[in-house]
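Submitted below is the structure of interest, expressed as structure tokens.
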Amino acid sequence: MSHGFTKEEVAEFQAAFNRFDKNKDGHISVEELGDVMKQLGKNLPEKDLKALISKLDTDGDGKISFEEFLTAIEKYKKGHRAGELRAVFNVLDQNGDGYITVDELKESLSKLGESLSQEELEDMIRVADVDQDGKVKYEEFVRLHVEN
């Protein structure tokens, strides 16, 4: 049930969930979500609140459990991480052709003050280069960062 979060993170999320769960039944209802949104200065119509809950409510009971709450946070974090990976890839892919080459990696690292040998640079590309074409495409770049 940890979703890859540390014990400390789960405890933090549980505390936040408990603040939303006013009646302490282990679920966030439409009414409780509405109260939270009002506290945040957003007075959403009930249909919008129900739509929001339905996006997170994986078991279809019309409420958000702590497990569903964690799943939503996990999806958000993964989406955020994917955006960060895309941004880094785009910086390394200096000519914008969708690939990182040894030369682009060398240029990028030298701008950061890193000086690696040609062999070290080629090894870095080789580790990520699943299809062995001598360059790293975005999917390979993501796989490298997800697996490590």
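Glycine is treated like the rest: Cβ placed from N, Cα and C.
Reproduced below are the annotations present in Swiss-Prot:
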BINDING   ASP21, ASN23, ASP25, HIS27, GLU32  Ca(2+) 1 binding site
BINDING   ASP57, ASP59, ASP61, LYS63, GLU68  Ca(2+) 2 binding site
BINDING   ASP93, ASN95, ASP97, TYR99, GLU104  Ca(2+) 3 binding site
DOMAIN    44-79  domain 'EF-hand 2'
DOMAIN    80-115  domain 'EF-hand 3'
DOMAIN    116-148  domain 'EF-hand 4'
Per DSSP, what is the residue count of the domain 'EF-hand 2' (44-79) in each of helix, strand and coil?
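Tallying H, G and I as helix, E and B as strand, the rest coil: 25 helix, 2 strand, 9 coil.
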Which state, by DSSP, holds HIS27 (Ca(2+) 1 binding site): helix, strand or coil?
strand
What kind of secondary structure is ASP21 (Ca(2+) 1 binding site) part of, going by DSSP in three states?
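ASP21 (Ca(2+) 1 binding site) sits in coil per DSSP, no helix or strand.
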Write down the Cα-Cα distance for GLU68 (Ca(2+) 2 binding site) and ASP21 (Ca(2+) 1 binding site), rounded and given in Å.
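That separation, Cα to Cα, works out to 13 Å.
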Please report the three-state DSSP label of TYR99 (Ca(2+) 3 binding site).
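Going by the DSSP assignment, TYR99 (Ca(2+) 3 binding site) falls within a strand, counted as strand.
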Pull the DSSP breakdown for the domain 'EF-hand 4' (116-148) and write it out as helix, strand, coil residue counts.
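Looking at the domain 'EF-hand 4' (116-148) with DSSP, the answer is 21 helix, 2 strand, 10 coil.
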Far apart in sequence but close in space: which same-chain residues, 6 or more away, have a Cβ under 8 Å from ASP61 (Ca(2+) 2 binding site)?
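Residues satisfying the criterion: HIS27.
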Under DSSP, is ASP93 (Ca(2+) 3 binding site) helix, strand or coil?
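Reduced to three states, the DSSP call for ASP93 (Ca(2+) 3 binding site) is coil.
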With GLU104 (Ca(2+) 3 binding site) as the reference Cα, tell me which of the binding-site residues ASN23, ASP25, ASP57, ASP59, LYS63 is the closest one.
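It is ASP57, whose Cα lies nearest.
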Can you tell me the CA-to-CA distance separating ASP57 (Ca(2+) 2 binding site) and GLU32 (Ca(2+) 1 binding site), as a whole number of Å?
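So the alpha carbons of ASP57 (Ca(2+) 2 binding site) and GLU32 (Ca(2+) 1 binding site) sit roughly 14 Å from each other.
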